[in-house]
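I have placed the structure first, in the form of structure tokens, so that the comments after it can refer back to it.
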Amino acid sequence: MEGIHPATEPHQRGGEKSNPFGKNDISKTHQDQINGQGTDHDNQNPNTTLVNNGSLDFRGRIADKRKTGGWKSTPIIVVNEAAERLAFYAIAVNIGTYLVQQMHQALPDAAAHVNNWVGLAFGSTLFGAFIADAYLGRFLNIFVFSCIYAVGMVLLTVSSTLGSLRPPPCVLNSPDCEQATKGQTAFLYCALALIGLGTGGIKPCVSSFGADQFDESDKNEVNGKYSFFNWFFFAINIGALTGITLVSYIQSEKGGGWGFGIATGAIMCSVLIFVTGIPFYRYQKPMGSAFTRFFQVGVASLKNHFKGIKVQRDTVLFEVKTNESDILGARKLASTSQYRFLDKAAVITNQEADTTNRWNLCTVTQVEEFKSFIRVLPIWASTIVLAIPYAQLSTFFISQASIMDRKLGPHFVIPIGSVAVFSVLNALILVPIYEKFIVPSLRRRTGHIRGITSLQRMGVGLFISIFSMIAAAVVEKRRRDHYSTPMSMSVFWLVPQFMLMSSAEVFTYVGQLEFFYDEATDGTRSLSSAMFLSEIGIGGWLSTALIKIIGRTTGSGNNDGWLRKKLNDSRLDYFYWLLMVISIVNFFIFLWVASRYKGKNDAGNTVNVRDEIIVGPSQEPDGNRISRL
């Protein structure tokens with residue numbers, strides 16, 4: 001890509017040791033190589049047994065390809081992910097029903113609480129990414145937050161097992177049906193909060209940690225990395241499929257204690273499986289917090305703005321003299337003309353000033369990193385709305401199934417939570433069809449390596465989501481027309497809305513993964529993953545807010561309101577029509593934003609930082625290089 005060159009990561013010699021699990025000072029060998037005294041990656045043989053991307057083994061030495069990484073470690077990560085996803089989806093598709101049937105909550109309240117929990121689980125990925133990048137690194141982040149996750153699962157199992165932590169059984173909606181006490185509710189919510197926080201710490205790190213196991217300078221390992229992503233996606237869906245079907249069936253037959261207990265066992269197994277890979281993993285040390293660097297750019301640019309500093313084409317900007325940027329493990333970035341106000345952070349106002357204080361003076365790379373983050377925000381914001389219809393997969397879609405005919409043959413009744421399998425199966429079928437048939441066909445027409453761009457793929461997903469809401473509204477209207485005869489309408493009427501929403505997910509969310517990865521800089525990989533995941537969380541919170549607004553504007557009593565305590569008394573079809581309108585408006589907003597988007601390759605690159613004009617020694621503070629805009 002223009003303005004970005006192959007990484008020249010600092011290495012340690014085989015005998016040098018460092019802490020691979022956390023942040024520590026760069027060793028002397030590392031520093032020698034940064035200053036040009038060590039071996040440059042560009043001159044290394046990619047067939048060497050040592051990796052060229054700065055990864056370390058568990059003893060703190062440069063990782064050996066023969067003993068670490070690749071397919072020696074990634075199968076462990078894949079199995080770990082399948083076990084964790086089994087636990088998560090076992091909760092996600094059953095907790096709403098549990099809140100209504102066991103905790104005696106009203107349907108709108110239960111839906112709102114599920115949305116809030118999903119919001120916490122995915123919204124907290126930004127916090128998880130911050131902790132991983134700034135302090136723990138990806139391995140320790142996954143381990144620590146997996147333990148938090150496991151504690152939450154134990155508490156959830158205890159809550160669903162002990163009668164003292166639940167209200168006594170009753171006929172739902174009957175006058176003598178007791179509500180859960182504040183203590184019972186608080187215990188349950190504490191368990192869910194720990195699970196959500198654990199998810200937020202794991203999700204932004206696990207796929208990136210898997211990618212860390214491959215050396216991008218080795219063609220064989222690069223091919224293995226793409227194969228890993230396929231298996232990783234497969235593991236997610238296998239875990240989801242097992243949680244939605246097997247665990248939901250056991251919970252339906254044996255009760256919540258059994259279902260959540262199996263999920264607890266799965267997450268504990270995932271932790272044990274994960275730690276068995278310690279001798280085989282490759283570790284990357286934390287690069288520091290991207291958020292801190294962003295704040296530094298903002299503060300430094302404001303300081304220079306109030307000093308009257310202006311940025312023009314001949315303005316001298318600051319960059320370090322080393323081959324790499326001063327962001328550990330990150331390549332240098334070229335200066336661009338977009339968002340020129342931020343370039344004030346890299347203007348040297350005093351030749352004698354301290355060039356190491358990033359709150360006063362930032363490097364060009366640091367400024368460009370912040371620009372890349374700002375660039376993607378409009379795209380990120382215009383795709384959040386999809387998460388509102390998506391949130392219905394685990395709330396109202398499941399509630400509809402609970403009062404429909406779920407018989408499959410004369411003897412088997414589909415568990416309520418298992419109806420979400422329609423969504424998972426559709427994804428498992430659609431992805432290989434898209435990759436094997438649709439992409440090659442589109443590639444021949446467009447010449448694009450992926451058939452269509454990531455932005456176009458996201459647009460297709462947003463468009464499909466509109467029809468998912470149309471299908472949901474039509475089916476709900478038909479169901480209401482038949483509800484006078486209980487359980488008379490087959491649950492298979494819900495298949496179209498599940499499949500359409502799943503298709504929207506495949507197009508939009510996979511497109512987002514591609515987009516945020518391509519547009520991210522070396523120092524913002526975890527943050528980019530967290531941004532994508534946080535959309536699901538924010539969408540859950542927006543769905544909760546929308547439910548509350550509808551309750552206040554349409555009424556929430558027994559005789560009015562769209563969303564009432566009983567689904568048969570509600571007008572859920574009106575809610576779906578509203579989501580359709582919101583999705584249409586958002587689709588056109590996305591088209592407008594995407595048509596004006598300038599990626600990092602189109603942002604007006606000027607000079608390459610590595611090829612910049614060198615100012616003479618007398619003008620070069622602290623021996624650092626200067627680049628010209």
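Glycine residues also receive a Cβ, built from the backbone N, Cα and C atoms like all the rest.
Under the heading region 'Disordered', TrEMBL lists 1-55.
The compositional bias 'Polar residues' feature in TrEMBL is assigned to 32-55.
Residues 21-23, 88, 92, 95, 144-145, 192-193, 195-197, 199-205, 286-292, 391, 394, 523, 526-527, 529-531, 533-541, 544 of the same chain lie 6 or more positions beyond the ends of the transmembrane segment (117-136) yet place their CB under 8 Å from a CB of it. Taken from TrEMBL, the feature transmembrane segment covers 117-136 (among others).
Long-range contacts of the transmembrane segment (142-165) within the same chain, counting only residues at least 6 positions beyond its ends with a Cβ under 8 Å from a Cβ of the stretch, are 84, 87, 91, 98, 102, 128, 136, 184, 187-188, 190-202, 205-206, 209, 255-257, 259-261, 263-264, 267-268, 270-271, 274-275. The transmembrane segment annotation in TrEMBL covers 142-165 (among others).
Annotated transmembrane segment per TrEMBL: 186-211 (among others), in sequence order.
Marked as transmembrane segment by TrEMBL: 231-250 (among others).
The annotation transmembrane segment is assigned in TrEMBL to 257-281 (among others).
Per TrEMBL, transmembrane segment is recorded for 379-399 (among others).
The transmembrane segment annotation in TrEMBL covers 411-434 (among others).
Annotated transmembrane segment per TrEMBL: 454-475 (among others), in sequence order.
If you look at the transmembrane segment (487-510), the same-chain residues 6 or more away from its ends with a CB under 8 A from one of its CBs are 383, 386, 389-390, 392-393, 397, 400-401, 403-406, 414, 419-420, 422-424, 426-427, 430-431, 434, 457-458, 460-462, 464-465, 467-469, 471-472, 475, 478-479, 532. What TrEMBL records for 487-510 (among others) is transmembrane segment.
Annotation source TrEMBL lists transmembrane segment at 530-551 (among others). Long-range contacts of the transmembrane segment (530-551) within its own chain (CB-CB distance under 8 A, at least 6 residues past either end) are made by residues 108, 111-112, 114-126, 128-129, 200, 203-204, 376, 380, 383-388, 390-392, 395, 509, 512-513, 516, 561-563, 575, 578.
What TrEMBL lists as transmembrane segment is 572-594 (among others).
Note: the stretches the transmembrane segment (379-399) and the transmembrane segment (186-211) are not in contact (fewer than 3 CB pairs below 8 A, sequence gap of 6 or more). Take the transmembrane segment (411-434) and the stretches 186-211, 231-250, 257-281: counting Cβ pairs under 8 Å, 231-250 has the most. For the transmembrane segment (231-250), the list of distant contacts is 74, 77-79, 81-90, 92-94, 207, 210, 258-259, 262-263, 266, 415-418, 420-421, 424-425, 427-428, 431: same-chain residues at least six beyond its ends, Cβ to Cβ under 8 Å.
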